[in-house]
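Chemist: Please read through the structure below; I'll follow up with questions.
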Amino acid sequence: NLKVLAVFVLCAILVVVTAERRGTETGGYKKDTLEDLKKRTHDCFDSFKEATCHMAKTNRLCKTSAKYQINCKKTCGLC
C-alpha cells in the first residue's frame, strides 16, 4: 500500500513539473519551429564534429535534414 502511494505521489509531482515547463526557449507557449532555431543562432559554427558535417554535406543532408541544418551551419553554408 505504501509503495502504491509513493508511486502515485511521484507521478503527480512529475505531471505538475512537466505541465509548468514552457514550450520554447524564449519563454512562449508555442513550440519552436526550425525557422525559430535558425533565427536564434547568431554564431556561424558547427556543433557536430568536422567529419560528421563533411559527411552530411557530401550526402546532401544539409538540404533535407533539420538536424544537420542546425548543427552543421558553417559546413553546409547556411550562415
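Cβ from N, Cα, C; glycine included.
Got these off Swiss-Prot a minute ago, pasting:
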- 1-19: signal peptide (SIGNAL)
- C44-C79: disulfide bond (DISULFID)
- 44-79: domain 'ShKT' (DOMAIN)
- C53-C72: disulfide bond (DISULFID)
- C62-C76: disulfide bond (DISULFID)
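Where in this structure would I find these features, and how exposed are they?
Modeler: When secondary structure is read from DSSP and collapsed to three states, C79 (disulfide bond) falls in the coil class.
When pLDDT is averaged over the domain 'ShKT' (44-79), the result is 89.
Of all Cβ atoms in the protein chains displayed, 26 besides its own lie within 10 Å of the Cβ of C72 (disulfide bond).
Taking a C-beta cut-off of under 8 angstroms and a sequence separation of 6 or more, C76 (disulfide bond) has the following same-chain neighbours: C53, A56, K57, C62, Y68, Q69.
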Chemist: How many neighbouring Cβ atoms, not counting its own, are there within 10 Å of the Cβ of C44 (disulfide bond)?
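Modeler: By my count, 10.
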Chemist: Of C53, C62, the disulfide-bonded residues given in the record, which has the fewest other CB atoms within 10 A of its CB?
Modeler: C62
